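Report on the structure given below.
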Amino acid sequence: MAMSGLVSNRNFGHFIGSGILCRGEQAILLHRGERSSVAVVHGNIVKPISVSPNGRQFILLSLHHSDKSHRVYPQHRSKGSFACCSFSSSSPGGWLEAGDKDKIVENRTSAFYKSEEYDITEAKLDSLPSPDETNEAILVERDIPWWQSFPKRWVIVLLCFAAFLLCNMDRVNMSIAILPMSKEFNWNSATVGLIQSSFFWGYLLTQILGGIWADKIGGKLVLGFGVVWWSVATVLTPIAAKIGLPFLLIMRAFMGIGEGVAMPAMNNLLSKWIPVSERSRSLALVYSGMYLGSVTGLAFSPILIHKFGWPSVFYSFGSLGSIWFALWLRKAYSSPEEDPELSKEEKKLIMGGSLSKEPVKVIPWRLILSKAPVWALIISHFCHNWGTFILLTWMPTYYNQVLKFNLTESGLLCVLPWLTMAAFANIGGWIADTLVSRGLSITAVRKIMQSIGFLGPAFFLTQLSYVRTPAMAVLCMACSQGSDAFSQSGLYSNHQDIGPRYAGVLLGLSNTAGVLAGVFGTAATGYILQRGSWDDVFKVSVALYIIGTLVWNLFSTGEKILD
């Protein structure tokens, strides 16, 4: 024999090692070391057949034996199984025709397999003739549903995407609702700025803590906690507003506490689940969830406010978190090692063939804070978020006060820049991963993408002083936000580059600086508008974008500096 360990299943066999049990004269077991696979015989050719986790299941038909044949049929079970059946065929050696299902009689015997134990090979071996000189078998291939073969790492990415969609839906609804609320409660611009910035008080508190918790106990628990917490706070916001301003400020801060753990927890999860070759596009997809959350919130909030009043926005958006949490508990795991359903092939791809390291027990703060690339992340994140959060929280007011759009128009036109961000974030992610796969260094890719993320918004914000029509102003906003989205493949991907084991803590550190920018920038905008103009607001953002560009290109790196 050309390969040792070949077993003919003339009679109903049994498991040998990790082999497959089947029935029929021409069904065989092919053993190679510790592995086995099903094989069928065509003349002198033996083809071992794989039952592998690539989404394929196989039906093995062994025909022509006294007008009766046997087939091995894979049933739909979570672990996978073969049920052996027999049927009569009027065309010996032929295919099973449509309508032949009434000829199939189920045998009482079944065999089970683990799909990840088999691989596809081909071998030309000696003929295995049966006593009646029948050497023919037929293979019928059947696809399982696509959702059962969808890569598990991208299930995690999509769930994180959905979490960030809810995150920004629950955050931006206040930027629309604040307009009727300020009329009802007689708030001035300074009070509105205070309310908008109160979210960041809580958001600031849990950035580093969220990163520490995620790195130590796992991202699944931390992100799940965050979504539930901020969803409850969103639902309670109208009640707090009607009780009094201090209670509203506290509730918005509570909401920030929940959303503050989201980014560090997500970064921890993706650092474990996503290989470096897919890092930029996966992060871009998740962050595009934030942008599409802004689109959804800004598009639906005016409609809900018009029909049901401003409290309806908080009640409806906040309740969606319970649906996400139910899916999260069922499908998500903190790391590939914890997922019992993950195939060996996908786990090997994720892990890169290396063993995972021990969970983080102690955070080396002195080492982390002694690295210049870490400080480049922190400073750049501050500069980036100053402009981003001003646009996030004040854009509807800008459209309403400067461009003279009404509430509904303000919300709908605010959608365009966020749609642009969602599109360009994913475009930037694919570009960055393509550049890395073609040999460009990760450092060069991160610097290129982040430079676009800084200089693009700076250029388009300067043009707002010269535009004369609302349409051109909206276009400048859209182009500013679109180029800003390239940052997802720049500084937002860099935490996993320089210290994948401490990805949660690193993002917590840099995003703390980003939140401080949100706190000061959002509140400062209210005071600037009382004494100056929108041009002054944009000039401050442009100056910070330029500073960020210089710091990033001088001190950042894409190499691992923390192990």
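Cβ from N, Cα, C; glycine included.
Features as listed in TrEMBL:
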- 154-174: transmembrane segment (TRANSMEM)
- 156-560: domain 'Major facilitator superfamily (MFS) profile' (DOMAIN)
- 194-214: transmembrane segment (TRANSMEM)
- 221-241: transmembrane segment (TRANSMEM)
- 247-270: transmembrane segment (TRANSMEM)
- 282-304: transmembrane segment (TRANSMEM)
- 310-329: transmembrane segment (TRANSMEM)
- 374-395: transmembrane segment (TRANSMEM)
- 415-436: transmembrane segment (TRANSMEM)
- 448-467: transmembrane segment (TRANSMEM)
- 502-529: transmembrane segment (TRANSMEM)
- 536-555: transmembrane segment (TRANSMEM)
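The transmembrane segment (154-174) shares more Cβ pairs under 8 Å with 282-304 than with any other stretch in the list 194-214, 282-304, 448-467. Beyond the transmembrane segment (194-214), the same-chain residues lying 6 or more positions past its ends with a Cβ under 8 Å from any Cβ of the stretch are 171, 174-175, 178, 187, 221-223, 226, 245, 248-250, 252-265, 267-269, 363, 389, 393-394, 502, 504-509, 511-512, 515-516, 518-519, 522-523, 526. The highest tally of CB pairs under 8 A with the transmembrane segment (502-529), across 221-241, 247-270, 282-304, 448-467, 536-555, is held by 247-270.
Residues 280, 380, 383-384, 387, 428, 431-432, 435, 473, 476-477, 479-487, 489-491, 534-535, 538, 541-542, 545-546, 548-549, 552-553, 556 of the same chain lie 6+ residues outside the transmembrane segment (448-467) yet bring a C-beta within less than 8 angstroms of a C-beta in it. Per-stretch counts of Cβ pairs under 8 Å to the transmembrane segment (374-395) identify 536-555 as the leading one among 221-241, 247-270, 310-329, 415-436, 536-555. Taking Cβ pairs closer than 8 Å, the transmembrane segment (415-436) reaches residues 276-285, 287-288, 291-292, 294-295, 298-299, 391, 395, 442, 444-446, 448-449, 452, 474, 477-486, 488-489, 493 in its own chain, all 6 or more past its ends. Long-range neighbours of the transmembrane segment (310-329) within the same chain, counting only residues 6 or more positions beyond its ends whose Cβ lies under 8 Å from a Cβ of the stretch, are 159, 162-163, 166, 169-170, 173, 176-177, 180-181, 184, 220, 223-224, 227-228, 230-235, 237-238, 297, 300-301, 304. The list of residues near the transmembrane segment (221-241) in space but at least 6 beyond its ends in sequence, with Cβ under 8 angstroms from a Cβ of it, reads 160, 163, 166-167, 170, 173-174, 181, 185, 206, 210, 213-214, 247-248, 250-252, 254-262, 264-266, 268-269, 310-311, 314-315, 317-322, 324-325, 328-329, 332, 334. In the predicted model, the domain 'Major facilitator superfamily (MFS) profile' (156-560) has a mean pLDDT of 88.
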